[in-house]
Amino acid sequence: MSYTLDSLGNPSAYRRVPTETRSSFSRVSGSPSSGFRSQSWSRGSPSTVSSSYKRSALAPRLAYSSAMLSSAESSLDFSQSSSLLNGGSGGDYKLSRSNEKEQLQGLNDRFAGYIEKVHYLEQQNKEIEAEIHALRQKQASHAQLGDAYDQEIRELRATLEMVNHEKAQVQLDSDHLEEDIHRLKERFEEEARLRDDTEAAIRAVRKDIEESSMVKVELDKKVQSLQDEVAFLRSNHEEEVADLLAQIQASHITVERKDYLKTDISTALKEIRSQLECHSDQNMHQAEEWFKCRYAKLTEAAEQNKEAIRSAKEEIAEYRRQLQSKSIELESVRGTKESLERQLSDIEERHNHDLSSYQDTIQQLENELRGTKWEMARHLREYQDLLNVKMALDIEIAAYRKLLEGEETRFSTFSGSITGPLYTHRQPSVTISSKIQKTKVEAPKLKVQHKFVEEIIEETKVEDEKSEMEDALTVIAEELAASAKEEKEEAEEKEEEPEVEKSPVKSPEAKEEEEGEKEEEEEGQEEEEEEDEGVKSDQAEEGGSEKEGSSEKDEGEQEEEGETEAEGEGEEAEAKEEKKTEGKVEEMAIKEEIKVEKPEKAKSPVPKSPVEEVKPKPEAKAGKDEQKEEEKVEEKKEVAKESPKEEKVEKKEEKPKDVPDKKKAESPVKEKAVEEMITITKSVKVSLEKDTKEEKPQQQEKVKEKAEEEGGSEEEVGDKSPQESKKEDIAINGEVEGKEEEEQETQEKGSGQEEEKGVVTNGLDVSPAEEKKGEDRSDDKVVVTKKVEKITSEGGDGATKYITKSVTVTQKVEEHEETFEEKLVSTKKVEKVTSHAIVKEVTQGD
């Protein structure tokens, strides 16, 4: 009894234990292997928050809980002291109770940390919702501002159009006014011109009047001079008559004698005088008539000329007025055309500017919408994760609540010594359904092969077309015979050989499929962890209801589960590394090529040589079998290729011996490369299996070294493979056949361990598609150029024939990726059954 009294009298012993367990539990919970989904929560909230919360905020709660538990334990030990001492198992019971207290305190600490994390996540969710609301309000405000700006822009554009219309109207009015002013100016100029013309006509008439007056004066002067002359002649005549009369009077005798003559002279003078007067009158009359007639003619001519000039001037003025009106109309039409062109250019510029601005705004809105969609998707994913965490926490909280209720009922039964039947409390089943939508966006995969065949045949004929035709017929017959033999050989080979699948080209889709498989495995591991935690909670509940021995077993199981979790995490990391190395090994093992025959036929296009793809098998055995089959097929094809060539050599009997030796030397190189690939893949896969079993980092380093050696061996094989293509010149019967083959090999891309090999077969470059990190390759091109030159000469006829035949084949392969969606629906149903047992106390009285 002294032991129980000491323990009851010293409650600090009970208080000392929970503090130690609390510190130890906090250290244990800080380890990465323990805790409820500590890895998944490390992404959302830091672990420092939970640790600081445990140190600061949980101290009073833990003290209170430890005090309550210590009081309950003291009462329990005091009431059961006699029974336990009589039973002889007091130390074991105390140890089990201390372990239960440690367990409950640790669970309380975890529960408080989970509650704090839930509050923190709720606060983050509220902040995110506030940001989303602010963004939505901002977008709404932007939209309202845009509407307001659009309305203002429309109004301003309407006003601008009105102003432009008014401006055009004013411009048209000004043009019309300018036209009127121009018309008036022209009319004024015309009137001034008419005035000048009339003044000039007046001056001309005045000049004519002056001239006519001068002519009249001259004529008057002539008349006066003639009158003076007549008077002078009359006076002279009279003087002469007087002289004659005087002479007559002097000689009277003579006069007497000549009396009869006196009358004759006077009559003669009278007659002469009358004749002279008549002549002078006639001359005067004729001169006057001539002057009058001349004056009348001149006046008539002047009047006629004036009328013609006036009519011509009127016509000229009319034509000028018409020309001015037409020019004015033309200027007005030009002005309207220029204004319309300016308006059209302005409208086009405005339309282009508006279109560019609208396109910019549309692009900006699309970018914003895409960003908001991405943000919403991210928030939805985070919200889904938080919901999953919340459901798990609700389950654990319910489990802890039931545990606490069970402990309280046990304490109450032990303290009050209440007897009652055994009952079980069954918790209602909780069903968690989580839908994970997994999308892989890949473009539809299509293979489009474009082949462009150009065949150019040039023939130059010099002499004797008959001989050339005979030569051509013989050559064609030989070629037809050779092609028939080749076709027969090919048919036999096809019957013997099975269908062979060619080496695949690993596209970016395989990488995405591997990543999708890794994500599915990670999700499956998370679900397994949740199930393990549900099992832990069930075990904890059963441990709370069972007796002392079961609690020890539960603790051992929890420790073992923690160790298995740590081991599981290590195994997950190792499994990921194994997957990466296996993917690399499979990629390196898959990259082998099978030669494709290219029979040469007379005047026929080059046959196509597509690169066929085969899906890679994940299992190592299947890959090895495929590699062996590929080796066999390659050997058969090499033998088949060598056989027709050797037959041709036997027929023509002049082929050098070096060519078959070279081709035979090529085949062992390929066989060695294939054997090295197979041995390397076997060793790597065996070592990976050993690593997963033994879980030692040293062997992982060895695997990496082997992978590096493998990359080196692949480099050697890749270096050997291009040495197989060689140029051959064959001289047969004086004929020279020069075959030039152009080969294009794709550049090596990818990691340092992965290299791609290009195998040249029959002048074709069949190279596998390259793999890119981050970028999808969609185009593969194979270009083959073949030139055959033949010169035939015959000494007898002296005819030469020069034939050049060039064939170019271009092959283009386009690959597109496929889009598909995977929906993974995982439903988790957890049923928890808690059983509480009421233990009867037996007290023995002394």
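Note that Cβ sites are derived from N, Cα and C of the backbone, with glycine treated the same way.
The structure displayed is predicted, hence computed values, not measured ones.
Checked against Swiss-Prot, the residues S45, S604 yield a single entry marked phosphoserine: S604. Of the listed residues (S82, S345, S357, S434), Swiss-Prot tags S345 with phosphoserine; the rest carry no such note in the record, though that does not show they lack it.
Over the region 'Linker 1' (136-148), the average per-residue pLDDT in this prediction is 82. In the region 'Coil 2A' (265-286), the DSSP tally of helix, strand and coil residues is 22 helix, 0 strand, 0 coil. Counting residues per DSSP class in helix, strand and coil order gives 32 helix, 0 strand, 0 coil for the region 'Coil 1A' (104-135).
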